[in-house]
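Asks: Marked as transmembrane segment by TrEMBL: 30-47, 89-109, 121-140, 160-187, 208-231, 251-277, 306-326, 332-351, 372-389, 409-426, 433-452, 500-526.
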Amino acid sequence: MTTPKVQESSSHAVGEDSRTPDFKDIRRRVTGLIVGLLLAVVIYLIFPDGAAERINEAYAEDGVEYTGSAMRITAAVAVLMGAWWMTEAIPLAATALVPLVAFPLLQVIEFGEISSSYAEPTIFLFMGGFILALGMQRWNLHRRLALTVVLAVGTQPKRLVLGFMLATGFLSMWVSNTATAVVMLPIGMSVLQLTAETVGGMRKQRNFATALMLAIAYSASIGSVGTIIGTPPNALLVAYMSNNHGIEIGFGQWMLVGVPIAVVFLIVAWLVLVTVFKPEMKEIPGGKELIREELKKLGKMHQPEAVTAVVFAGAALCWIFVPILIDNFGWSVTIADAAIGLAASLLLFILPSGYKPGVKLMDWKTANDLPWDVLLLFGGGLALSKMFSESGLSLWIGDLAQGLKVLPVILLVAAVAALVLILTEFTSNTATAATFLPILAGVAVGIGLTSGGNEQNVLLLTIPVALAATCAFMLPVATPPNAIAFGSGYVSIGNMIKGGIWLNLIAVVLITITVYFIAIPVFGIVL
């Protein structure tokens, strides 16, 4: 009997950068630090004095009294955080702590009120999802799933690229896109090394190598839009809508929007990649044998792997079907998505692995690999969003955007998607979403999309923010999967741009179609 393979947890904190910064990095960070502070001061000084009076007059029926000082300070802090996030002047998670210091210190809000944003239910939902993903990684369940999918699809070059995309896309719905890319890339590189030997060298399969590496990177991002826990911008959207507009987005409800665009986009991306980088051969000698050999190395599915799979499947089914039971069968018990995720995570700490006496499916050493920086980034984004709403700044921005109401809604959606997509090529997708969600929500209110009590209509401009923030395909710095693929040595920046520019353009179209034809009926948006 063989023993199950255990994936050891890393010894460093998630998000820790062990690379020594070069001169350009240092210059960028120092410049960003100074420019951010200067911009914040400038915004504070030039912010119009009559902004609060204008909003109080326009929204007098709300019975809320907004103050100019709160709006002025919130605008300055938002610009500061945006500049620091975009330049990474200090670590992203450190910038996310700014609201905890700035707003209470400047007497805008009590510390207890603003700190509650760092403990929102969505943050715990994401925490539960991360622990489940770490459990899968610990027992190599994610690797078995990926290899099984690739083997099932076949080993013709085009089909193999599709197989890698399907496996990567599915995994990234539940596991972080970075971890998914890290798992799939070595498998892809093993395939390339084998095929290079059989076709006469790597030079004779350059297109195939490029297509396969980019397929892994792109599908890691595309698949993650399918679920709330797949990518931080989705979770940020859910939390923002709940906190600021009283709109609850369920796990299964989001999948009705996220899964269709993910599936269609995966297929379209596959067609683009095998067209732009047409594989040189029609059949890969020994491809199936390699995948079978990798599966053989894992051995038979053992108890810890099987039990982890059952816990994971149970959580996924509860996320999908509990809301259906509540909505359609009169089930009176309300169970939050976060509670389901944490319950499943706790089970991993309780259930024995069967690997060794006393060893559970999850231990804290492994769980400590949680991306704490991402959770803090969530909190900072939600705190900033809270202040946009409570200070009235989002209403003021929306009021300034009144002229946009003459544009057709479909053009507005496309414009938002294009703007966010361009920005997220150069900045963190989470930071971009955190910055623009409250701004675009304010625009939606300001141009009258929510008039007549249709508060859910704010989703018309906020859903494109969340979706577009994850869709960056042109540059290695755009997403960690892109950087990982570039680091493989098989992909040049030129080729990444060559394939990515098409996907960026297609993303704008697909996001617009998804919002207009799927999100509208799913969320009851009224035009």
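Glycine is treated like the rest: Cβ placed from N, Cα and C.
Are these features on the surface or tucked inside, and what touches them?
Replies: Sequence-remote contacts of a segment are chain residues at least 6 beyond its ends whose Cβ falls under 8 Å from one of its Cβ atoms, and for the transmembrane segment (30-47) they are 68, 71-73, 75-77, 79-84, 86-90.
For the transmembrane segment (306-326), the residues of the chain that approach it from at least six positions outside its boundaries are 128, 132, 135-136, 138-139, 141, 174, 250-253, 255, 333-335, 337, 340-341, 343-344, 347-348, 351, 353-354, 361, judged by C-beta separation under 8 angstroms.
The list of residues near the transmembrane segment (332-351) in space but at least 6 beyond its ends in sequence, with Cβ under 8 angstroms from a Cβ of it, reads 121-122, 124-125, 127-129, 131-132, 135, 228-229, 250-251, 307-308, 311-312, 314-315, 318-319, 322, 326, 360-363, 367.
Among residues of the same chain six or more beyond the transmembrane segment (372-389), those with a C-beta under 8 A of the stretch's C-beta atoms are 13-15, 70, 74, 77-78, 81, 91-93, 95-100, 103, 108-109, 114-115, 117-120, 122-123, 126-127, 232, 235-236, 239-240, 243-244, 428, 430-431, 433-435, 437-439, 441-442.
Panel annotation: around the transmembrane segment (409-426), residues 86, 432-433, 436, 440, 449, 460-461, 464-465, 467-472, 474-475, 477-478, 504, 507-509, 511-512, 515-516, 527 of the same chain, lying at least six beyond its termini, place a Cβ under 8 Å from a Cβ of the stretch.
Remote same-chain residues near the transmembrane segment (433-452) are listed as 78, 81-82, 85, 232-233, 236-237, 240, 244-245, 377-378, 380-382, 384-385, 388-389, 393-402, 404-405, 409, 416, 419-420, 423, 458, 460-462, 464-466, 469, 526 (criterion: CB distance under 8 Å, separation of at least six residues from the stretch ends).
Through the fold, the transmembrane segment (500-526) approaches residues 214, 218, 247, 249, 253, 256-257, 260-261, 264-265, 268-269, 272, 276, 409-410, 413-414, 417-418, 421, 425, 452, 454, 456-457, 459-460, 463-464, 467-468, 471-475 of its own chain, all at least 6 residues removed from its boundaries and within a Cβ separation under 8 Å.
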Asks: Excluding the flanking five residues on each side, which residues at least 6 beyond the ends of the transmembrane segment (160-187) place their CB within less than 8 Å of a CB in that stretch?
Replies: 129-130, 132-133, 136-137, 142-143, 145-154, 208, 211-213, 215-224, 226-227, 229-231, 262, 266, 269-270, 273-274, 279, 284, 287, 294, 312, 316, 371, 470, 479-481, 484-485, 488
